[in-house]
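Peer 1: Below are the structure tokens for one structure; questions will follow.
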């Protein structure tokens, strides 16, 4: 029985020495076992290395195992485990249960127990206790010796948890963390190990459990060989980096001494050329000097070491992919000879996956996969969340879109569109016998068409099919209220919807399509779920819980579970984390993300027990895991072992920015390598160089090369430089390929693509809009704002997905309807506006609003308390509106003669007809809220009032550009169509906007009711354009003194007009003429097919800000031909001068005097 150390720095050949020693023992003969113990992640590669050397001879004599697998072998021989292991998921669920049970007894963990992730922190701490052989008895004894009150309280709580965990666990299970502790005692009984020779390789340190096993092996076996990555004499220039293994050596020597184990002369592999670096002196030099002080300088320019700086993570991985293709293609390297590692696999995993697939590089990402994103797990979470979250939209459709429900994808779309439009959410609405909500009119419309009824029938059929298994599950759960019963109900539900058969079908489909990793994942997932629930039932099956509590416990376990993945082939690039880098024959090593805080990683969090806590416990003889300072030293050692892992080539790369554009700094390792190799040239893609040589480097796999070709041609077209002739050769290759010919044709279409559409043919325009153009005035205004937006909305009839909500147009429509009904009511009841008071306003408005809501079965305004409040708010606004309207009538002589006046065939007035220059006509329709009239001195004055739910501001400048032409067109139509006696004169009185609102008045607290009323009227003053006749203006507000509080006008003391928004009769005439010219011009453009993306921009105002079609047009001033139609805000004076000049020039053209 002896102990022998095998010393050697990284790459010295320690693993190879072990394998050759085993082979020597085999050749000498004998039957004693030869056992190589390695960390779990190295076992496969080590076994392969041994097979490569010794073949299949005496293979039964050699065992390559980890400590865990050694435990299982000994248990198989001598017994020791009569119960099943509880996995990490089961333990997390158990800890959660314990934390909830004991929370009233905690001294410090009561609040922390609720924090996300705290259960896992507790689980890790208890696992640490077991690995470091800290029993509950020792923990309790230690508490009495601790003076630090905070630590004493922590240990008190941990002791409670630890005790309860062991008590509950050992009823039916055993903790995998106890295996090595049990193994230590069972080795004594083993005959398999008697006289065996052991080699321990690839360990830098051991935990107490492992030291205990090594101690027993030393007593049992003929020899124990242990490799240590360090110098032989402990006097090297970089002892600091080997402090971890030096401490391991000291502890092993002490252990041998305590057991009277002889120490053999060690093997020193540092004195000969390093095995790994026999073909690479540069890498050998790097290994010797990476952490040496003082250090040497490599005088030549290195060929086997490269540093690359990239713009971002994406271009970094692209560079590596091209480099890998080059090695495989030109240097006869196998993919399995290559490894790509990083200190931050999470940030790179998806990018590597996407780019390597594009470059057709076979790869295996070495990591344990979370199962949370598996479709079956999402299904289970969704079905529970449907009830926990009261049938929310998100949970229901997350369930449906897993693909396990008996609903086809197009049926899910139908159901989803209806649910969004009708605002279906909550158990009550989902479980209604039949849905009858109208989703095809506006949000406040209640009538249902025949077409709507047919669609509703289909929606209800889909809904009922979805509900059947869901409601069955609900009934089962309602009858069961403990963990075991809920688990049983959940399994019954999964069988009801045929999940096992569906999963099996998915596995077969994945295998047939070559997606082996997904096939492996889904072939495991069903058994994982069964195991999870079995453990949950065994541990706390009789616990009474509701669904929410059950879900929380179950998904704590699910989050903890990791699924091991198996490589689908041998010839793959290994992609992984530096701490799992397997020591196999890596010829080419890429270390990516060599950034500060990543390589080496930043300091780890202290956890529940701080560094100070660990120091105190250590002083009491309690050994625990390393503090953060020691962990930092281990990180340095990890960097050393990673960077020296390659046999032939080392590539270090780092991005200067992350995915969000935030600056990243290079690691100190980069600067260290530059210092050791002063002639190394750091390459970069930050500043791209365009020449034939660089272009050649971009030619790799077909897909990325094609993309690079497109990029090069695009740059040439954009005037960013001449394309290399190489890309013309590349194009010729692709164009001759049957697979790529079509793509080449599409490429030039894409390169020359512009989102600008200019014109469609007049023929298409006629088909879209009809031979004689008929449209509403508001639509014409939309066309003037942006032709393309009009084309998409009214030509193509593209509509946004309807969502159950109350939009401003919905509110405006509803308010107009109520105002119209109020006006008709007082007219029918012969109530004069002068008699309308607060009581009448409130009584009738409230009644009309209630009737409108009740008469619309699916009205949004009675769908929830929130919308009921909006309805109440609408009542107040509308009451205030009609009260102000009444006050306006009382103060003036104008009287209403029409409400909701329409301009259309069969309407109050005929449609507005405008002749175009080619002899055709455009027919404009529309509706105005109110027309008022007043007769004075033999003339009739017309006042048009339009109600607005938003704060509409009248600007003459907007009329000039065509953005606000409705009121003038309606006024013109009325003036032309009024049937009055020939001697009477019909004149424009005003065009006005009136805002419907219930404003909040800011002012002093001692305002009288009359003052408040006046302030409200000022706030709701009508805006628009008046006839500049003081007598007519006074008839609109007989009480005005100076400035009016109801119209935009003021009268001076001498009776003349002061500051007012007014125009003469002649100005009204030329303004109307200007508007009619705008109609002609824009309608002709429309019929000519002008659908250009040409939005206007006035200052900061532009229609794109509220346009729902921006994702279609993708307007961007960076694109060629994408320009705003800039319009300048003009003063009223400027507008009048421009219009008068235009009318004068037009008259000159017609030869008028």
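Just so you know, glycine gets a Cβ as well, placed from its N, Cα and C.
Okay, so Swiss-Prot annotates it like this:
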type    : residues                     : note
BINDING : 8, 9, 10, 11, 12, 13, 14, 15 : ATP binding site
BINDING : 786, 1104, 1107, 1113        : [4Fe-4S] cluster binding site
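Mind mapping these onto the model and telling me what they sit next to?
Peer 2: Residues within less than 8 Å, Cβ to Cβ, of residue 11 (ATP binding site) and separated from it by at least 6 positions along the same chain comprise 274, 275, 276, 277, 283, 284, 287, 644.
Long-range C-beta contacts of residue 1104 ([4Fe-4S] cluster binding site), restricted to its own chain and to partners at least six residues apart, with a cutoff below 8 Å, comprise 786, 1095, 1110, 1115. Look at residue 1104 ([4Fe-4S] cluster binding site): DSSP puts it in a helix.
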Peer 1: Using a Cβ-Cβ cut-off under 8 angstroms and a sequence gap of six or more, which residues of the chain neighbour residue 9 (ATP binding site)?
Peer 2: 229, 230, 231, 270, 274, 287, 288
Peer 1: Using all protein chains in view, find how many other C-beta atoms are within 10 Å of the C-beta of residue 786 ([4Fe-4S] cluster binding site).
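Peer 2: Neighbour count, Cβ to Cβ under the 10 Å cut-off: 26.
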Peer 1: Below 8 Å Cβ to Cβ and six or more residues apart, same chain only. Which residues does that give for residue 8 (ATP binding site)?
Peer 2: 14, 17, 227, 228, 229, 268, 269, 270
Peer 1: If I take the Cα of residue 1113 ([4Fe-4S] cluster binding site) as reference, which of the binding-site residues 10, 13, 15 has the closest Cα?
Peer 2: 10
Peer 1: Identify all same-chain residues not among 786, 1104, 1107, 1113 whose C-beta atom falls within 8 angstroms of the centroid of the [4Fe-4S] cluster site's C-beta atoms; report them in sequence order.
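Peer 2: Counting only non-site residues, the set is 788, 789, 1093, 1095, 1103, 1109, 1110, 1115.
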Peer 1: Around the ATP site (8, 9, 10, 11, 12, 13, 14, 15), what further same-chain residues have their C-beta within 8 angstroms of the site's C-beta centre?
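Peer 2: Residues close to the ATP site, other than 8, 9, 10, 11, 12, 13, 14, 15: 227, 229, 269, 274, 275, 276.
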Peer 1: Between the Cα atoms of residue 15 (ATP binding site) and residue 1107 ([4Fe-4S] cluster binding site), find the distance and write it as a whole number of Å.
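Peer 2: Here the two Cα atoms lie 68 Å apart.
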